[in-house]
């Protein structure tokens with residue numbers, strides 16, 4: 001029974017003390033005692049010196065699984081035991097405080113705080129005292145009526161083992177788990193020391209002090225960009241972002257821009273996205289690269305010969321930007337993120353432009369010779385020269401080497417970046433550039449993804465034997481028109497399974513083809529019948545060709561090198577024929 005219930009006058013805390021009797025009579029010696037304090041709105045809870053009073057409302061942090069002793073505690077030492085849904089009242093062992101399970105009190109009763117003694121099973125006084133206290137379980141009225149029997153050693157034990165309600169544990173906090181782990185994810189790059197940012201600003205200030213009126217024009221951008229420690233060919237996008245249509249810009253405008261840039265973007269990749277998108281997006285689209293590539297045409301010494309051919313500038317930009325997305329945007333989203341830039345070589349190539357006078361040495365993105373090859377191949381099949389090709393135009397590529405079903409799949413939108421998969425009747429120079437990259441270098445990771453999308457007719461992520469047979473039957477039909485015999489599909493399938501070794505044993509996944517070094521031979525059997533016939537009729541693989549620095553040329557670089565040489569030779573022959581046609585014989 002509850003012997004005493006007392007609340008302090010401040011109404012901010014209350015101390016509850018009581019004793020338990022075996023048969024509900026105060027005439028017998030108390031079986032156990034308890035004592036604890038409840039305090040409203042306390043930020044923390046702590047045990048006092050007597051180890052039997054609990055301060056503060058969050059009892060869950062202090063009370064744990066109850067542990068009973070056969071010997072009663074007469075002086076309120078150790079702890080108490082309240083149970084929800086059972087008849088039991090005893091004490092806690094101190095060692096059981098593990099902050100996992102806890103007691104609390106009913107807070108649904110009246111909030112009046114008069115002090116009274118409660119007898120029998122009436123605990124409404126406890127309910128009133130604990131109104132508004134943040135505790136986590138309920139003391140039932142029957143908790144005070146458990147009778148105890150004397151133990152053989154003179155103590156008392158309960159008639160039945162008390163039943164305690166297990167409280168649901170809160171979900172684990174990720175923040176707490178990672179509190180002691182160093183940060184490892186920096187989407188905007190690791191923060192740069194403020195001293196480094198200030199030093200760049202001072203260098204830019206030195207440049208402005210040398211300018212007339214401390215006002216910059218676009219012609220001054222090379223010195224300003226270098227002072228900030230940024231790549232030279234970022235200058236046009238930076239000028240567009242700072243000047244906003246003006247022809248002259250003051251130092252304060254650049255200072256404000258620099259502070260804004262370094263506050264939100266910390267490494268080169270994040271800053272590149274911020275500069276080209278004018279701080280408006282966390283990704284880049286194709287149009288964001290227009291000013292950078294156009295400025296490259298106008299200012300790079302290796303493209304000086306090309307500046308007067310303004311009608312070809314947009315075509316050059318279209319091919320270069322397509323190649324950038326081909327290599328960098330591996331997610332096929334049509335949006336280049338800072339994370340993709342960090343994994344690619346684009347930023348290194350842009351910096352290399354400052355040290356390289358011949359852009360043709362930078363074959364991955366900016367080579368003029370590669371652009372020339374792509375444009376000439378496009379012009380050959382564009383029958384009406386409207387810079388758009390139809391299915392019939394694409395079928396004429398390399399003398400009808402591409403299968404009609406493959407062309408249909410390309411025009412269906414299966415290989416379109418982003419979410420725009422509209423079935424358009426024509427394709428532009430950019431789409432043709434992607435096709436040519438995929439056809440001439442089928443071992444490139446993006447090419448493997450390109451052709452996998454073409455062959456995966458049902459989009460289930462696997463190229464089945466049925467899908468392979470569908471394409472191969474059309475190849476056999478096409479190649480037979482030239483009087484060429486080839487192997488049956490059963491033999492082809494067995495050869496490809498032995499060569500690729502797919503994990504499933506028969507269906508080919510994207511991972512299977514990327515893991516194999518023979519993806520090009522696989523795709524040629526279903527895409528390009530001329531390449532398939534060439535690889536099946538030759539006894540060995542093509543010999544490798546070394547480029548500058550003893551690096552082996554990729555299939556794409558080799559294709560462009562050979563095609564460009566042939567085109568130059570053809571142009572020379574045409575020039576000679578023209579000269580011969582207009583030559584004058586003076587023998588007479």
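Each residue, glycine too, has its Cβ placed from N, Cα and C.
TrEMBL assigns the feature region 'Disordered' to one of the listed ranges (106-125, 126-145), namely 106-125. Matching 1-27, 163-189 against TrEMBL, the residues noted as region 'Disordered' span 1-27.
Taken as a whole, the domain 'EF-hand' (443-478) shows an average pLDDT of 96 in this prediction. Here the domain 'EF-hand' (443-478) is broken down by DSSP into helix, strand and coil counts: 25 helix, 1 strand, 10 coil.
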